[in-house]
């Protein structure tokens, strides 16, 4: 919106040419979403408290979490608003990929909002029945995937790119559709499962957003993409602005969500952020890199799958003391801040390894 105005004026005012650069607008998106989050969070937290939109803590969870009862939740509304403001201000709204991301982000956020609202009003942790939530996620992910599948401007619609190799491409054909849907829905739920400690998910999503911004910028830049043997997909570079908005919003939210949290993002935040990461990976064909940079998310989700499966097969036995994995370490007497910081450290290392894939080709 603001970008369009400034861009049109750049022909008359030479100093405004700087707004043509994606890198500059990405930085502005980071700052805009950060300060917007920082400013609106306090009144929003008070508003959530006033409406009694507070967290219900499970009785079978770690006992240290019982003191969090009554903490405002649904703070993901703050993140959603901040990302939208920054994207609408500094993003190129004529770019169709940008609109795909906005729809995906808002769609998963809406599913999370309904889930959170039902949890609060029913005063339990179940919320939206699993089959309905999964159906809504599959429907939204299918819409995103089908739009990309029938996009005539994308020459790599059904291609899976293998990192570490020079343009090793596998054309999955029609089978790419269920794969892409799995990536988007899986990413959304994996971030949701990781959001069980103060600041854990926000910090890891922020780290992943940095890597995604770099990958997107390169994918949308013909020269850099050719030099680094990355698939060149015109128009995807603009999504670096979206990643910048996510990073700024996560940093601003961390100010209030870090231990001890003043507010939780809830499913409205975790599902929208996870869905966005999955959608970004599918758009740029970096699905495998997403599994690397989001390694913590993958492990957290796998820990739940293994725990549930093993529990059913062995009639009540467990692999972990509790799943997701971060609760396992909590029950091993690791202080919550230590678990969070150590997972962040692993996330940073995985982010660096993900960026290394650009040169190891």
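Every residue number used here counts from 1 along the chain in the order it is shown.
Heads up, the Cβ atoms here are built off N, Cα and C, so glycines get one too.
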- Can you dig out which of the ranges 52-72, 199-219 Swiss-Prot describes as transmembrane segment? 199-219
- Query: So, do the transmembrane segment (263-283) and the transmembrane segment (338-358) meet, by the test of 3 or more Cβ pairs under 8 Å (sequence gap 6 or more)?
  - Reply: no
- When you scan the chain for residues with a C-beta under 8 Å from the transmembrane segment (338-358), skipping those not six or more beyond its ends, what do you find? 163-164, 197-200, 203-204, 207-208, 210-211, 214-215, 218, 228, 230, 259, 289, 292-296, 326, 329-330
- Between the transmembrane segment (132-152) and the stretches 168-188, 235-255, 288-308, the largest tally of CB pairs under 8 Å belongs to 168-188
- Query: Who are the long-range neighbours of the transmembrane segment (288-308) in its own chain, taking Cβ under 8 Å and residues 6 or more past its ends?
  - Reply: 160-163, 183, 186-187, 189-191, 193-194, 204, 207-208, 211-212, 215, 274, 277-278, 280-281, 318-320, 323-326, 328, 343, 346-347, 350-351, 353-354, 357
- Task: For the transmembrane segment (98-118), name the stretch out of 28-48, 168-188, 199-219, 235-255 with the most CB-CB pairs under 8 Å.
- Result: 235-255
- Query: Honestly, do the transmembrane segment (28-48) and the transmembrane segment (199-219) touch, with at least three Cβ pairs under 8 Å and pairs 6 or more apart in sequence?
  - Reply: no
- Is it the case that the transmembrane segment (235-255) and the transmembrane segment (73-93) have 3 or more CB pairs under 8 Å, with pairs at least 6 apart in sequence? yes
